[in-house]
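Notes follow the structure.
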Amino acid sequence: MSSLLIAGHEFHSRLFTGTGKYASADAMMDSLTASESELVTLSLRRMDLKNHTDNILQPLQQQGIKLLPNTSGARTAKEAVFAAELAREALETHWVKLEIHPDPRYLMPDGMETLLAAEELIKKGFVVMPYVHADPVLCKRLEEVGCQCVMPLGSPIGSNMGLASRPFLEIIIEQSRVPVIIDAGIGAPSDASLAMELGADAVLVNTAMAVAKRPAQMGKAFRLAVEAGRMAYESGLGAKRIQAQATSPLTDFLGALS
Amino acid sequence: MKIVLNDVPYEFTGNTLEDLLNELGKSQQGIAIAINQQVVPKSLWCATELNEQSQVFIFESIAGG
């Protein structure tokens, strides 16, 4: 299986993961370790001055996993740029998962604000990974302004509905000259496998791993699915046809018995 | 001096941002600070003095997707 290059960084795993929704930091680490993911997302919030928060940074860094802060909570380009600058200080990385969703019900990404923020962040030297709708036009625009990859959604965040946007994802994959990472809605390893078979460069999975009864085992299941899907894609899948095409030679060797 | 910390009035006895973090008992790892809507680079925390009514926001990294 080939490795994946984003902004000069080589990834051996094509499974990117989120750190949200796990029951504990230990469950998260077990799951991420089993998944062999090399890139995980984190969020920012105003510090809780009264309560102690579990330190999840240390185990992630010890494991050598690359951190990808997101701009979740931003509703406008201006807020997202501010969040990215805070994240750069907090996590000492100029990589950012740009996500702007003004509507808390469906968490639909705002494409216009995302494009504006991407342009500004790229000028400021960030590696921008934009989370967007499966919109082929927008993905091209983001590529043109210098995004190092695009992250179109399969279906709404946390919905487990899989690749509801499949026809549009296929167009994006076909057109894109930067890596395409399918993010959001991937609910089962089969969804991840399908994304890879379609030619996606990577997938980002969070909820499906975090809320599983056995998060570590699910992490492994996703790892295997992503590897299987990518290997199948690189091996070259056969074309689909309506008619049967025999795999055994159809000779008339039993003809004499009738 | 009285500052405003994460939108709440706060009585601060030190001078710099680093003093503030020490006073709060917070590690410097995984956090970012903004004063009056401007991000302050980590390298300047020890030299950045707070003033009466400074609007300080401290952010921390947490789990997220």
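Cβ from N, Cα, C; glycine included.
Small disclaimer: the values here were computed from a predicted structure and weren't measured.
Annotation source TrEMBL lists domain 'Thiazole synthase ThiG' at A:6-249.
According to TrEMBL, the active site, schiff-base intermediate with DXP annotation covers A:Lys97. Remark: A:Lys97 (active site, schiff-base intermediate with DXP) has A:Thr41, A:Leu68, A:Pro69, A:Asn70, A:Thr71, A:Met129, A:Pro130, A:Tyr131, A:Met151 as non-local neighbours, by Cβ distance under 8 Å and separation of at least 6 in sequence.
Around A:Gly158 (1-deoxy-D-xylulose 5-phosphate binding site), the same-chain residues six or more apart in sequence whose CB sits under 8 Å from its CB are A:Lys21, A:Leu107, A:Ala184, A:Gly185, A:Asn206, A:Thr207, listed in sequence order. Residues or ranges marked as 1-deoxy-D-xylulose 5-phosphate binding site by TrEMBL: A:Gly158, A:Ala184, A:Gly185, A:Asn206, A:Thr207.
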Residue among the binding-site residues A:Asn206, A:Thr207 whose Cβ has the most other Cβ atoms within 10 Å: A:Asn206
Lowest local Cβ density among A:Ala184, A:Gly185, which the record lists as binding-site residues, within 10 Å: A:Gly185
Largest inter-residue Cα distance among A:Gly158, A:Ala184, A:Gly185, A:Asn206, A:Thr207 [record-listed 1-deoxy-D-xylulose 5-phosphate binders, Å]: 9
Predicted model, mean pLDDT over the domain 'Thiazole synthase ThiG' (A:6-249): 95
Cβ under 8 Å to chain B, applied to recorded positions A:Lys97, A:Gly185, A:Thr207: A:Thr207
